[in-house]
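J.: One structure follows; several queries about it will come next.
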Ligand code: DQA
């Protein structure tokens, strides 16, 4: 089993970006956490981050036959990108949407996710731990567990 851990814009700055909202965890910490959970269950993880919307869409297209599922924090594109939603739908991979912060407790424009309807689930507001939850969820799904 192989998973893709994908991040959208500004998430390369985790650790220094608004630590009161996102914590001090870095992207490298999160990538190591997800790899740890996946490896312990016999799965491998590929990591990708971009600040360019088309690059994330291209990555989903290219990885569609390489990975079995995706853990995705699309950052602000969650709330804006019909193109990303269509890409998730098009590649027919199971995707778990993750947010470090509880987007429902923040500004109104963060309450709506354009991608939620094409993801198998959403984990929001659990901080770093949310990625572990999302990875286990995705692997359970891929292994056919309820
Ligand atoms: C985020 C929430 C988004 O609203 C925001 O644009 C981000 C990070 C989160 O992880 O909490 O960049 O996806």
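The backbone N, Cα and C atoms fix where each Cβ goes, glycine too.
Because TrEMBL annotations are produced automatically, they should be read as predictions rather than curated entries.
Quick paste from TrEMBL:
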- 17: site 'Transition state stabilizer' (SITE)
- 22: active site, proton acceptor (ACT_SITE)
- 73, 79, 86, 100, 101, 110: substrate binding site (BINDING)
- 99: active site, proton donor (ACT_SITE)
J.: Could you check the binding-site residues 73, 101 and say which one's CB has the most other CB atoms within 10 Å?
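T.: Counting every other Cβ within 10 Å of each candidate, the maximum falls on 73.
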J.: Just checking: which of the recorded positions 17, 100, 101 have a C-beta under 6 Å from ligand 1?
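T.: With ligand 1 as the reference and 6 Å as the Cβ limit, the list reads 100, 101.
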J.: Name the one residue among 17, 22, 99 whose Cα is closest in three-dimensional space to that of residue 86 (substrate binding site); these are the recorded positions.
T.: 99
J.: Quick check for the class: what is the C-alpha distance, in angstrom and rounded, between residue 79 (substrate binding site) and residue 17 (site 'Transition state stabilizer')?
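T.: It is 19 Å, counting Cα to Cα.
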J.: Out of 73, 100, 110, the binding-site residues in the record, which is closest to residue 17 (site 'Transition state stabilizer') when you go by Cα distance?
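T.: Closest by Cα distance to residue 17 (site 'Transition state stabilizer') among the binding-site residues 73, 100, 110: 100.
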J.: May I ask for the distance between the residue listed as 'active site, proton acceptor' and residue 100 (substrate binding site), taken between their Cα atoms and rounded to an integer number of Å?
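T.: Roughly 6 Å, rounded to the nearest whole number.
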J.: In whole Å, note down how far the CA of the residue listed as 'active site, proton donor' lies from the CA of residue 73 (substrate binding site).
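T.: Each residue's Cα considered, residue 73 (substrate binding site) and the residue listed as 'active site, proton donor' end up 6 Å apart.
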J.: Give the distance between the Cα atoms of residue 99 (active site, proton donor) and residue 110 (substrate binding site), rounded to the nearest whole Å.
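T.: Residue 110 (substrate binding site) has its Cα 11 Å from the Cα of residue 99 (active site, proton donor).
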J.: What number of additional C-beta atoms lies within 10 angstroms of the C-beta atom of residue 86 (substrate binding site)?
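T.: There are 14 of them.
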J.: Far apart in sequence but close in space: which same-chain residues, 6 or more away, have a Cβ under 8 Å from residue 100 (substrate binding site)?
T.: 14, 21, 22, 23, 25, 73, 125, 126, 127, 128, 130
J.: Please list residues from the chain of residue 110 (substrate binding site) whose Cβ is under 8 angstroms from its Cβ, counting only those at least six apart in sequence.
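T.: Same-chain residues close to residue 110 (substrate binding site) (Cβ under 8 Å, separated by 6 or more) are 78, 79, 103, 104.
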J.: If you count the C-beta atoms lying within 10 Å of each candidate's C-beta, which of the recorded positions 17, 79, 99 ends up with the smallest number?
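T.: So among 17, 79, 99, the recorded positions given, the one with the fewest Cβ atoms within 10 Å is 17.
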J.: Secondary structure at residue 86 (substrate binding site) (DSSP, helix/strand/coil)?
T.: helix
